[in-house]
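**Student:** Feature table excerpt (TrEMBL):
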type: REGION; residues: 1-21; note: region 'Disordered'
type: DOMAIN; residues: 23-83; note: domain 'HTH tetR-type'
type: DNA_BIND; residues: 46-65; note: DNA-binding region
Amino acid sequence: MTSGNVASASRPEPAARQWGKTAQTQAQILAAAEEVFVEHGYTNATISDVIDRAGSSVGSIYHHFGGKAELFLALWTDYTHQRERDATNAVAKARKEGVTEPIELFETGGAAYLRGIWRSRKVMTIFWDGDGPPGFETLRRERSQNWIAHNVKILGLGKSVEDQFIAAVFTAVMGEAARSIIACTRAKQADAISAEALRIARIISEHR
């Protein structure tokens, strides 16, 4: 081996390539964890199950995520962010097309959100069945508060107790629709629930 080859061999990989490998490894582990949690639930799932499914090592999993609880929360964060993007992107597109009516923006974002729930219904079941790590329900409540704050803005509401209550009602309607869609077995059922949820939201808006 020449001195040039030695220098080449000792040169560290570019940061972009290292990041790419890290992202790929994390995605592989999360995909395996998703399958395991869906099949066994949080309580009955084990890190060994994830290791076997991912073809990874326990060291790699703990390096990238930590333990089983951290894997579960990483999945939850990923999917909730996806659903938030579904809604916000749809609203942004509607605004760009000239939609300004608050209830129409809410309906647009809500429909996109519920379509995303249907697409990811299998994994979403593990976040709604009450079987999660300690403290997960607190995090879910915090996320719900974030949705309420988001809907306050979409609906053009204020900071009064009454307006906060109205936003909470709209948020609850969408949350219950999501819970029902997760249990659906056919797209037609999910579409019907989504349409009914949006109809209820429209009625509430018109009778304020």
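Cβ atoms here come from the backbone N, Cα and C positions, even for glycine.
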**Student:** So if I exclude everything within five residues of the ends of the DNA-binding region (46-65), which remaining residues of that chain have a CB under 8 angstroms from its CBs? That is, six or more out.
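**Tutor:** Sequence-remote neighbours of the DNA-binding region (46-65) are 22, 25-26, 28-29, 31-33, 35-36, 40, 71, 74.
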**Student:** When the DNA-binding region (46-65) is classified with DSSP, how many of its residues are helical, how many are strand and how many are coil?
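**Tutor:** Taking the DNA-binding region (46-65) as a whole: 15 helix, 0 strand, 5 coil.
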